[in-house]
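Colleague: Pasting a structure below so you can have a look.
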Amino acid sequence: MDDDSHAMLSRESLIYAITVPLSTSIILANLLIILGISCNRQLHNTPNYLFLSLLVADMCTGVALPFIPLMGLNRELSFSSCLLVHVFPNFLFLAFLFNLVMVHYERYICIADALRYNTLWMHRSFPLALLIVWAPPLLYASLPAIGWNNWTGPDWNNCCESLPKPSNCSTNGTTCCSYRRVFPNAFIYLEVYGLVLPAILVIAGMTGRVLCITRGQLRDICRLHRAIERGSQASEREHRLNLRYTRCVVAVSLTFLACWVPYLIYMHVCIAFLISDTKWSSTTHIVLSCTGIGSMAVVPLVLGLANRQYTEPAYKLLQKLRDRWRTSQELEEVAF
């Protein structure tokens, strides 16, 4: 095995070593929450159906997670196979992002405009909401398959030369699969700055607005409490409410920093190297892509696991298994 083959295998091994445990955790956690929602009939309503759609998209993103960093590697694939390994993970990622925006929008309206919440359009037409979060990502991700690609262009980044030898790459690189041959620069810029970044900013804006509304409502509650108690100093209950709100703000801030900042760093580093048209370390790209995409896929799990109604069936099941194990242990001790 030559040096090129060994380097390719080592990069693939690094990708699988990072993504497979993370992907497995994401899939199992999503299945756990999906089971919790499915087993509780009280949760069978439009908001939870939207959250189920998000969980399905997140689980699919977890399945595709090992293949996303592979886009940064040059591989020898046919035209159709190359399109499939690039277009399909990109579609799942965009569908996940659209679902996440829809869930945040639905919860934002619930708090910001409670009087109009029950008449919201997505409650009246849930199939339309599903169509909005799944059809546009599929349409946009399919544009390279329709014809917006660089497959007939030059051999970007000396793709054929970076493949293990011997390689039957032709002179025009028709069997060399690289993200540069599938996604034109304009496509990447439009997706990043026209879809992904605005979606993240909208989510951050709605979350910040909800925290501001919650803070205002908390002040009104404290003001009414003081008026009833006829006291000028904050009571113990007000201190508990303020402490709970502070914990909520800290939790939201830490979630944003842990889940979104790594992806934003990865996204802008990739754009910077794309603009400069320079090569960069494959190890750096692999680590950034794995941590960036993986951390973003954790967002729905944070939302789901924080809701006790979603995790109650799994908790009861674990409790039953624990009780049975303890009972069996006690019977064995008595027998001996």
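For all residues, glycine too, the Cβ spot is worked out from N, Cα and C.
Given the structure is predicted, the values throughout are model-derived calculations rather than measurements.
Summarising the annotation, TrEMBL assigns transmembrane segment to 14-37, 49-71, 83-105, 126-148, 188-211, 248-274, 286-306. According to TrEMBL, the feature domain 'G-protein coupled receptors family 1 profile' maps to 29-303.
Show me how these features fit into the shown structure, please.
Modeller: For the transmembrane segment (83-105), same-chain residues at least 6 beyond its ends with a Cβ under 8 Å from one of its own Cβ atoms are 50-51, 53-54, 57-58, 60-61, 63-64, 67-68, 70-71, 77, 122, 129, 132-134, 136-138, 140-142, 144-145, 149, 177, 179, 182-183, 191, 195-196, 199, 202-203, 206-207, 293, 297, 299-300, 303.
Outside the transmembrane segment (248-274) by six or more residues, the chain places 185, 188-189, 192, 196-197, 200, 204, 207, 211, 214, 280, 285, 288-289, 291-293, 295-296, 298-299, 302 with a CB less than 8 A from a CB of the stretch.
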Colleague: So which of 14-37, 49-71, 188-211, 286-306 has the most C-beta pairs under 8 Å when paired with the transmembrane segment (126-148)?
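Modeller: It is 49-71 that shares the most Cβ pairs under 8 Å with the transmembrane segment (126-148).
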Colleague: Given a Cβ distance threshold of under 8 angstroms, which distant residues of the chain, six or more beyond its ends, lie next to the transmembrane segment (49-71)?
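Modeller: Same-chain residues near the transmembrane segment (49-71) but 6 or more away: 12, 15-16, 18-20, 22-24, 26-27, 30-31, 33-34, 37, 85-86, 88-89, 92-93, 95-96, 99-100, 102-103, 106, 122, 126, 129-130, 133-134, 179, 285-286, 289-290, 293-294, 297, 300-301, 303-304.
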